[in-house]
Every structure is written in C-alpha cells, then in structure tokens.
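Chemist: Pasting a structure here, questions to come.
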Amino acid sequence: MPIATPEVYNEMLDRAKEGGFAFPAINCTSSETINAALKGFAEAESDGIIQFSTGGAEFGSGLAVKNKVKGAVALAAFAHEAAKSYGINVALHTDHCQKEVLDEYVRPLLAISQERVDRGELPLFQSHMWDGSAVPIDENLEIAQELLAKAKAANIILEVEIGVVGGEEDGVEAKAGANLYTSPEDFEKTIDAIGTGEKGRYLLAATFGNVHGVYKPGNVKLRPEVLLEGQQVARKKLGLADDALPFDFVFHGGSGSEKEKIEEALTYGVIKMNVDTDTQYAFTRPIVSHMFENYNGVLKIDGEVGNKKAYDPRSYMKKAEQSMSERIIESCQDLKSVGKTTSK
C-alpha cells in the first residue's frame, strides 16, 4: 500500500482508540531498517508508524552531508516507494525535536509538506513531534500552538510532549530527578492552549515514569494511572462521560517495561508506542554473531585474503533485517495490533 493518506492515518488512530490497541512506532535510520519495519508490520498484519529522529535523519543524509532535513526527505522518499510492495498501511513521523533544532528540522519539513499540499499533493509526513519537555510548560504550549496551526494547514498531526522522559535520546539526556510524571495542572493547561482536536489533531506524549534507553525489567517505575488522571481531568473540564478518552496518548521510553504496565496504558488511551532501543539491539545482535562466527573470513589476517562471502555487507545485513523484523512482530503482539490492519 502507498504511505497512508491523512484520512487513512486518522482512521488508523481512531480504530486503535476504539479497539484498545496501539501502533508500534519504529525508529529507522536507513533503507535496511525501513525494510525491516515494513517486513515486520506485514508479517504481523499490522499497520504501523515509521519514524526518524533528528539524529537518525542526519545519519540518513550521509557523513558528508549531515543535514537533518535532507536525510528525512531521502528516507521518506525511500519509504514511500518501498511501502507500495506491502499490504499494510504505514504512516511516516518525525521523532523528538527540541526547541534548538526546530528551525533545522520540523519547521522546514512542515513547509515542504505545505508546498506539496498547495500543489494538490499529499504531505510528505503524516505527523511530526515537537518535544518541549526541556522548556517551561507555558513556552512549550505556546510553541505547540504555532506548530499545530501549521500542521493542521498541511493535513498533518502534531505530537506534543508534556513532562520529561528520563534517560537519553539522541544525545539529549534527562536526569532521573526531573519531573517524570505529568501533573493534572499540565493536562489542564494543554487543553486550554491547544484544545482537544478542534484546533487540529494532536498526539500527547504525557510522562508517567518513562525512561529512554535500556533497563532491566522492573527498573522502570511506570505509573500508567497518570494517564488515567489526565483523561479524568479532560472529562471533567469538557463535561464528557466517565468512559471517554479525549486524549490520544503516546508511550515513550518503553524498553524494559513490564508487559502488564503496557497493557494497562492501552486501556487509558495509548494508541502509539515508540520502539527504538529494543530494535537497535535486535538489528545489531546477529551482526555481532556473524563477525564472531566468521572471524577469519571477515578479516584479512596473517597475509590471508579473508572470505568475500563473509564480509559482503549483504551477508550480515540480511540477518539484521530479519532479526529486527521479528522484534517488531513482538511489539505488535505486545500492543495488540496483530491482524488489525485497516487495509483488510
């Protein structure tokens, strides 16, 4: 299927909310990782989201260029073409973008999509993330207002983060002592500033103890009930029913999370979950095994010539793609999206 249109993306998110499941959002940095994501989604018969961080996009542009926008555009172009060969729907998203790089990433990408829409074409991306967790909440939401208006005009969904996700993402680190739990006051301020959809649809990355990176199970202290508290704040403020889920939540920093906590978060309106650390490991592990198992072949030692079949990048990149795709299927299972593609 072609990359999801804005209408299809909205339908995907609506179905996830109604069905109590979420889509894995897989961070990709190359054609190989994009292929792995598409393969995993297709084998799980799950729609999904492919996303590029600022660092991933810069990497995608090549060492000689190192340009976030050029890398994101190039990776998106590959994904648009590659997705046509698969029978599932996939949306393209850009991950964490902090204030200091907005002008180098999200703002120019929004402008590119607006130009496409003005020509009668579809936007290049279906959603973008603004990460204002490092600035005061009022400034965070003021910038969110600006970006949401631009996103709405280009038929794009905005993702907004309130609160701080611990750990490190693309070199940006949040200390454990930071505010890792979004407060009821911040939920209320969010509604006051950007509404609940009438000013443009947005996804909300509220924090409930999430931590980026790799941690042993049990070392991530999640409190999904924070998300329930956010929904309760919105219900009361908007006069909605007790079972309403007005916020579309995103789960960040889920590596090492207990399965039960993930399932609980789904009941509170999580419809997107970022997956990066686990798929990075899944991609790298078989490459390491290949190098150890073919040590004398991948290296030219003591005057020997090695084995071309062993050091041909295709020999180990195929294994990496397969392993990563299998880990993505596991994420689809965890998030209950298996077999629920809207393309059926």
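Each residue, glycine too, has its Cβ placed from N, Cα and C.
OK, Swiss-Prot features for this one:
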- Asp95: active site, proton donor (ACT_SITE)
- Ser53: D-glyceraldehyde 3-phosphate binding site (BINDING)
- His96, His212, His252: Zn(2+) 1 binding site (BINDING)
- Asp131, Glu161: Zn(2+) 2 binding site (BINDING)
- Gly213, Gly253, Gly254, Ser255, Asn274, Val275, Asp276, Thr277: dihydroxyacetone phosphate binding site (BINDING)
Chemist: Only counting partners 6 or more residues apart, tell me which same-chain residues put their Cβ under 8 Å from the Cβ of Asn274 (dihydroxyacetone phosphate binding site).
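Modeler: Spatial neighbours, sequence-distant, of Asn274 (dihydroxyacetone phosphate binding site): Ala25, Asn27, Gln51, Asp95, Val250, Phe251, His252, Gly253, Gly254.
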Chemist: What Cα-Cα separation, expressed in whole Å, is found between Glu161 (Zn(2+) 2 binding site) and His96 (Zn(2+) 1 binding site)?
Modeler: 9
Chemist: Mind checking which of His96, His252 has the fewest other CB atoms within 10 A of its CB? They're the binding-site residues.
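Modeler: Ranked by other Cβ atoms within 10 Å, the binding-site residues His96, His252 bottom out at His96.
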Chemist: Neighbour count, 10 Å Cβ-Cβ cut-off, for Glu161 (Zn(2+) 2 binding site): what number do you get?
Modeler: 25
Chemist: What Cα-Cα separation, expressed in whole Å, is found between His96 (Zn(2+) 1 binding site) and Asp131 (Zn(2+) 2 binding site)?
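Modeler: Here the two Cα atoms are 5 Å apart.
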Chemist: Could you state the CA-to-CA distance between the residue listed as 'D-glyceraldehyde 3-phosphate binding site' and Asp131 (Zn(2+) 2 binding site) to the nearest Å?
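Modeler: Asp131 (Zn(2+) 2 binding site) has its Cα 11 Å from the Cα of the residue listed as 'D-glyceraldehyde 3-phosphate binding site'.
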Chemist: Please state whether DSSP places the residue listed as 'active site, proton donor' in a helix, a strand or coil.
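Modeler: In the DSSP reduction, the residue listed as 'active site, proton donor' maps to coil.
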Chemist: Given the binding-site residues Ser53, Ser255, Thr277, which one is most crowded in terms of C-beta atoms within 10 angstroms?
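Modeler: For the binding-site residues Ser53, Ser255, Thr277, the Cβ with the most other Cβ atoms within 10 Å is Ser53.
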Chemist: Please give me the CB contact count at 10 A for the residue listed as 'active site, proton donor', counting all chains in the structure.
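Modeler: Cβ-Cβ neighbours of the residue listed as 'active site, proton donor' within 10 Å number 25.
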Chemist: As a test of the contact definition, list every same-chain residue at least 6 positions from Asp131 (Zn(2+) 2 binding site) whose Cβ is closer than 8 Å to its Cβ.
Modeler: His96, Cys97, Gln98, Glu161, Ala205
Chemist: Sequence gap of 6 or more, C-beta under 8 Å: which same-chain residues meet both conditions with respect to Val275 (dihydroxyacetone phosphate binding site)?
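Modeler: Expected: Pro24, Ala25, Ile26, Asn27, Gly254, Ser255, Arg327, Ile328, Ser331.
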Chemist: Once the chains shown are all counted, how many other Cβ atoms turn up within 10 Å of the Cβ of Gly253 (dihydroxyacetone phosphate binding site)?
Modeler: 27
